[in-house]
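Enquirer: For reference, TrEMBL lists these features for the protein:
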type	residues	note
TRANSMEM	6-27	transmembrane segment
CARBOHYD	78	N-linked glycosylation site
DOMAIN	80-139	domain 'Potassium channel'
TRANSMEM	87-106	transmembrane segment
TRANSMEM	112-132	transmembrane segment
TRANSMEM	162-183	transmembrane segment
DOMAIN	167-252	domain 'Potassium channel'
TRANSMEM	195-213	transmembrane segment
TRANSMEM	225-248	transmembrane segment
């Protein structure tokens with residue numbers, strides 16, 4: 001009797017979520033408490049240094065800052081800050097919509113813009129999936145071409161297959177995960193770790209929005225900076241999606257292989273048990 005590995009996968013998935021929740025709580029809760037206390041202390045110092053203000057006036061001003069940030073207006077700088085809705089930034093935003101990244105630092109504030117965004121995503125997300133699917137097939141076709149080439153007589157097939165897979169992973173990792181953080185570190189002023197974090201969070205479509213390119217009002221960006229970033233995101237999504245698919249396929253095969261081996265062990269155990277047991281006398285009852 002074949003045992004389904006689906007319940008094990010469900011339990012493993014839930015356990016993984018619970019493990020992540022406990023680790024994140026352990027790592028982040030204390031830091032959040034520290035930052036909250038520090039912020040309250042800074043507000044108290046501000047009130048002490050500016051006796052013409054009261055706490056209610058300060059809280060109202062903080063609320064204004066929060067609303068401005070939610071609307072995509074950076075409180076830093078002045079009114080000469082570049083628009084969030086010029087063509088380059090709008091192109092970047094359109095890319096975050098159809099790719100479902102959704103950083104959350106910028107969103108339509110008008111009713112017409114919100115309605116258009118709904119219908120734009122309704123047709124754009126399937127279109128983006130179809131495009132990424134075709135792009136992934138093109139990448140896979142190149143891999144198959146290399147695989148057919150190495151399958152010619154006289155070549156070690158398995159060794160070459162591993163070599164091709166290693167080249168594919170290494171090249172993609174360099175172009176999409178290793179080199180881009182260097183560019184972002186130089187342009188945005190981030191550390192390499194922050195740039196790598198932004199790169200992976202973006203290409204995996206998680207998109208927290210804590211780091212977004214081209215949003216520092218104190219820096220001068222070239223007009224096509226965010227548009228080029230959007231193009232890099234599209235090709236990076238196709239590569240990383242293919243890597244995730246390969247990883248998921250390998251994990252499924254591994255689980256199926258483990259359960260298949262356990263089924264064979266159970267079957268062999270039952271056979272050995274039947275062979276070890278002495279044959280019982282059979283009673284024949286004539287009809």
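The backbone N, Cα and C atoms fix where each Cβ goes, glycine too.
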Enquirer: Using Cβ atoms and a strict cutoff of less than 8 Å, what residues sit near the transmembrane segment (195-213) while being 6 or more residues removed from its termini?
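Expert: Here the qualifying positions are 96, 99-105, 176-177, 180-185, 187-188, 225-226, 229, 233, 236-237, 239-240.
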Enquirer: For the domain 'Potassium channel' (80-139), give the DSSP counts of helix residues, strand residues and coil residues.
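Expert: Going by DSSP assignments, the domain 'Potassium channel' (80-139) contains 41 helix, 0 strand, 19 coil.
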Enquirer: List the helix, strand and coil residue totals of the domain 'Potassium channel' (167-252) as derived from DSSP.
Expert: 62 helix, 0 strand, 24 coil
Enquirer: Would you report the average pLDDT that the model assigns to the domain 'Potassium channel' (80-139)?
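Expert: Over the domain 'Potassium channel' (80-139), the predicted model scores a mean pLDDT of 87.
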